[in-house]
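According to TrEMBL:
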DOMAIN    A:6-277  domain 'UvrD-like helicase ATP-binding'
BINDING   A:ALA27, A:GLY28, A:ALA29, A:GLY30, A:SER31, A:GLY32, A:LYS33, A:THR34  ATP binding site
DOMAIN    A:278-550  domain 'UvrD-like helicase C-terminal'
Amino acid sequence: MDKILDQLNPEQREAACHIDGPILILAGAGSGKTKTITTRLAYLLSLGIDPANTLTLTFTNKAASEMRERALSMIDNPVYPPLLCTFHKFGLLFLKFHIEKLGRKNDFVVIDTDDKKRIIKQIDKELPTALVASEISRYKNSLIHPAQAIAQAEQPQYKKIAAIYQTYQEYLVENNLVDFDDLLMLTHELLEMDEDLRKSVSDRYRYIMVDEYQDTNELQLQLLKKLCDSHTNLCVVGDDDQSIYGWRGANIKNILEFPNMFDDTKVVKLEHNYRSTEEILKAANLLIQHNRSRLGKTLISTKGKGKPVEIFQSSDENEESDKIARAIKQLIDSGVAAGEIAVLYRINALSRSLEEGLNRAGIAYQLVGGVRFYERAEIKDAISYLRIIANSHDDFSFKRVINRPKRGIGKATIDKIEKAAYEKHLSLYQFLSETPKTELSKLLSKKAYASINRFINDLEILQETLERSTMEFMEMFDSAIGLKAHYASLPDGMERVLNLDEFYGLFRDMIKKNPDMSLDGFLNEISLQSDQDQIKGEQISIMSVHASKGLEFTHLFVIGMEEEFFPLLGDGCDMEEERRLGYVAMTRAKETLTLSTVQSRFHKGRRKQLEKSRFLTEAGLLQGALSIEKSTGYKKGDLVKHKLFGIGRVLEVSRAGRDYKLKINFGGNRRDILSSFVEKV
DNA sequence: TGGGTCACGGTTTTT
DNA sequence: CCGTGACCCA
């Protein structure tokens, strides 16, 4: 038992050994966070706690599988695996068992963001789909039902969005679809309305752990509270300084106020950093100290002084990328493995000039992020076919693929079929396969009729084959549909064909490993899976700062260190979150860190003169008095909001020790207020 | 039905 | 500048 804990430092051990009651583990970058919580899980099990009584929640599948592997390798006799999965996977499992209590069937289909947008577009074409989609997410994540949304909407635009939300939700229920937010929202709903269920679920999961707690949103917090109904054994791990998902609903208050929300919370800080040199940590620490909303932590290096952080200054983006390419070449020539090198940027648009520079220098690289495997059009087509075959009610998938490959069926024909099917209360597929041929041929044009007949026929043959043998079904699937052939004929088709092959390969693998798995099972399995886009070690990586979270590189470059790009300014800019992003970027580096800044950059069709990023000065890397206004983010004339005094206008900004003082005019009343007590409006 | 052209707008991303 | 989506015509 002690062997398990031997590997930990005193703070890590203190955190891992805490069993009962709430605990917040504040784990700084590179402080051995995963090691600590996987050890804690292994420790709990080594004490004889039933794995079935534990629940460990993460945000990504990657984190879940990594933790599972590490925890299980520490226990001698893994009895059966403890539940360790993403929040959404937990919701999915839960709903499979309990959604019937909400009057819905458990053969629901999980739709992704892309599907969601398509449905929204069907309902409304006026408002931007992306906006509506994110507002619906906001509603769901704040536990607001369509009726409430409609009742509280004031502006005409929001009235419209709330109405779309209602129609959207009705559409989901009618077609038995569930979106990502529903996986959590419906789970919460069930736990809220059914006291017995809540009690039994909470009794079962007596030891709950949450990874990356700084990224939780309101809904996730509420869900956790329900899961902790009959106990308070909640162990959350995170780093408030690495909260970089505020824009998608993560609420940093969840971690900042955790000790106030749960009584008798134990707080453990992990501040020993096992990743970066002193020079790198010094800069990162200085930078993050400029933030006010934080619990406060200073990383301590265990790796020695190291090389100073280097600054590259160039006139434009071409010079910048050439400099970086040259530096990378030197590293590689001196024997550094390419996988140890990465370049980060704040926005994806900056990858272009960088890629050009790397290409000029003949350096192979891989771009991490971008379009994910399961979101590629060709893969979603194949999945849609599988969904129709598994579930003949899935009109949504049906419409996606009815004309892919091209069958000469356009909007007009689809409208006709939809209308007729609607009148008979049948799904599209049912309607087309059950309606007598004579009747169908009257409804449709000759060409469309013949084409649809063939289509339905192919699907029926596939369905019959599936009943006999999944393997046989898979063998004939593509040739029956003609997806590969379709994509092969397109100009950029080669890669898409390869992707389809990979997908079919995945499917076959899954069947071989799990001969009993049904098509339904397979579809469920992949609905929450993003490709584990593993980084191939033999190339240098380039990616956004967001994509780099959780990774580390021996030699790291960050480009675009200019005001406007990093920090990325614009409306709704949260300077503290930008600073946390800067902190995340810097703390990815192990041995050398190079920050690059240019005088001008070509962006959105024009060249712009730029100033050096304030983060360079804040991190103590560049001299130069920064104007007070810039470092606070407040300037004369800004509107700010105070808890008690309400909205006021800034008249003057001045320094007050480590904080800043604002002279504010609150409706005629002038007051001096410390800047951390107001927020921008 | 589907290919072609033009206007517009443009952070960060996981499930 | 470059990709997407709406709209128009064959």
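Every residue gets a Cβ built from N, Cα and C, even glycine.
In TrEMBL, annotation is done automatically, which means it is predicted and not curated.
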Taking the binding-site residues one at a time (A:SER31, A:THR34), which has its Cβ surrounded by the most other Cβ atoms within 10 Å?
A:SER31
By a simple count of other Cβ atoms within 10 Å, which of A:ALA27, A:ALA29, the binding-site residues in the record, is least packed?
A:ALA29
Sequence gap of 6 or more, C-beta under 8 Å: which same-chain residues meet both conditions with respect to A:GLY28 (ATP binding site)?
A:ASP239, A:ASP241, A:LYS269, A:LEU270, A:GLU271, A:ASN273, A:LYS297, A:LEU299
Binding-site residues compared (A:GLY30, A:GLY32) - the one with the fewest other Cβ atoms within 10 Å:
A:GLY32
Taking the centroid of the Cβ atoms of A:ALA27, A:GLY28, A:ALA29, A:GLY30, A:SER31, A:GLY32, A:LYS33, A:THR34 (ATP site), which other same-chain residues have Cβ within 8 Å of it?
A:THR36, A:ASP239, A:LEU270, A:ASN273, A:TYR274
Quick one: give me the count of other CB atoms within 10 A of the CB of A:LYS33 (ATP binding site).
22
